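Asker: The structure follows.
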Amino acid sequence: MTSLQILADANIPRVEDAFGQFGTVRRMPGREMTTSDVAAADVLLVRSVTPVGPALLDGTPLRFVGSATIGTDHVDRDYLRAQGIPFAHAPGSNADSVADYVVAALLGLARRRGGALEERTVGIVGCGNIGGRLARRLSALGMEVLRNDPPRARAADADGTGHGFVPLDTVLGAADVVTLHVPLKASGPDPTHHLVDAAFLDRLGDGAWLLNTSRGAVVDGDALLAARRRGDVAAAVLDVWENEPSPDPALIEAVDLATPHIAGYAYDGKVRGTEMLYEALCDALGGEARWAGTDAIRPASADALRGRAPDPRLSATEWRFELARQAYDPAVDDASLRDLVKLGPDARGEAFAHLRAGYRRRREMQQHTVPGTAVPAEHEQAVTEGLKMKLD
């Protein structure tokens, strides 16, 4: 096989380990990639910060494009198809990471605001890899779960199979937590650009919480800011923002939890994404797969990710919050983003990108182990199915 030139986003982990068998790997910041950079490459590996289309690719010799992301709204797939360039992405690679984030965020909100998650109904808008897993985990934490996914509901109706999905109006009328897990689509039968607008927010029930970990433009930031200032949305959690990498500082200050687009940034999910692109390139080129991502994410020792059971005298919410934060505490990422509020737009954009590029090596909750004998019986399902931690 001819040696290939591989251009990769600098923030894709283990890319040299995985793709080195195919040729030379060059890494650079995804936001800085230009046509002249791509012109020297046979393989292009990107993340969501690199728009992939004719403006970047026209006249280049690419043989393969991969995006280490779940979403593909930054990729002109019709253009790639017309050019005969194979494309792969990584659906589901960071689904557990995003679910970890939502679980941790909800436990934190419940702890700060009083009350238990078991007393709340959650509406999950978008039930693909992330939303589907999250539905199971939040159910295990005692929440009533409503699922909304029009494309999947239509497909199930066409097949004559049951699905259990409900209309968005039902979610907005009955749920006091709404969490968004949809792709960004500007047109078509189910557009999601500014899905959460003033009308959506007006239909939310009193005391509702809103979480967005999908794409920033799914939420109209101005509408959410106005609603928060009126007190119409009781709590808001945003990991994604319009105008990234320079989000509106007023909106950062207005929400309860603000993080720099890192919900899916657990190291396990990142490496899983690299592995999925690697396997896709092997298939495209007929090469033998010699690298496995599982070797890269194995803990250094059996005790490396061992947690400790919290004080059994704590309330259920406090107990589960204290255990979850041993694996991941989103308040740490919230503090780092709030430090950017006083910066100007350009400096804020650079700092936002730096937070993502230099993100710590967080591990998924399912990689963590807790002594089984120290877990009270009433928490066992919450630990193993809600937090996805292992008992030993």
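Using the three backbone atoms N, Cα and C, a Cβ is placed for every residue, glycine included.
According to Swiss-Prot, the record shows the following:
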- R215: active site (ACT_SITE)
- E244: active site (ACT_SITE)
- H261: active site, proton donor (ACT_SITE)
- S48, T69, Y265: substrate binding site (BINDING)
- D149, D239, G264: NAD(+) binding site (BINDING)
Asker: Can you tell me how far the Cα of D239 (NAD(+) binding site) sits from the Cα of the residue listed as 'active site, proton donor', in Å?
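Answerer: Taking the Cα atoms only, D239 (NAD(+) binding site) lies 5 Å from the residue listed as 'active site, proton donor'.
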Asker: Residues other than S48, T69, Y265 within 8 Å, Cβ to Cβ centroid, of the substrate site?
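Answerer: For the substrate site the neighbour list reads R47, A68, I70, G71, N94, H261, G264, G273.
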Asker: Considering only the recorded positions R215, E244, H261, G264, which fall within 10 Å of T69 (substrate binding site) when distances are taken between Cα atoms?
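Answerer: G264, listed in sequence order.
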Asker: Would you kindly give the Cα-Cα distance separating H261 (active site, proton donor) and E244 (active site), rounded to the nearest Å?
Answerer: 9
Asker: Under a three-state reduction of DSSP output, how is D239 (NAD(+) binding site) classified: helix, strand, or coil?
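Answerer: Coil, per DSSP.
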Asker: Return the residue, from the listed recorded positions D149, D239, E244, with the maximum count of other C-beta atoms within 10 angstroms of its C-beta.
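Answerer: Going through D149, D239, E244 one by one, the largest Cβ count within 10 Å is at D239.
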Asker: Given the recorded positions D149, H261, G264, Y265, tell me which ones have a C-alpha lying within 10 Å of the C-alpha of R215 (active site).
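Answerer: So the list reads H261.
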Asker: If you skip the near sequence neighbours and keep only those at least six away, which residues in the chain come within under 8 angstroms of Y265 (substrate binding site), Cβ to Cβ?
Answerer: N94, S97, R356, Y359, R362
Asker: Among residues D149, D239, G264 annotated as binding NAD(+), what is the maximum Cα-Cα distance? Answer in Å.
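Answerer: The NAD(+)-binding residues span at most 21 Å between Cα atoms.
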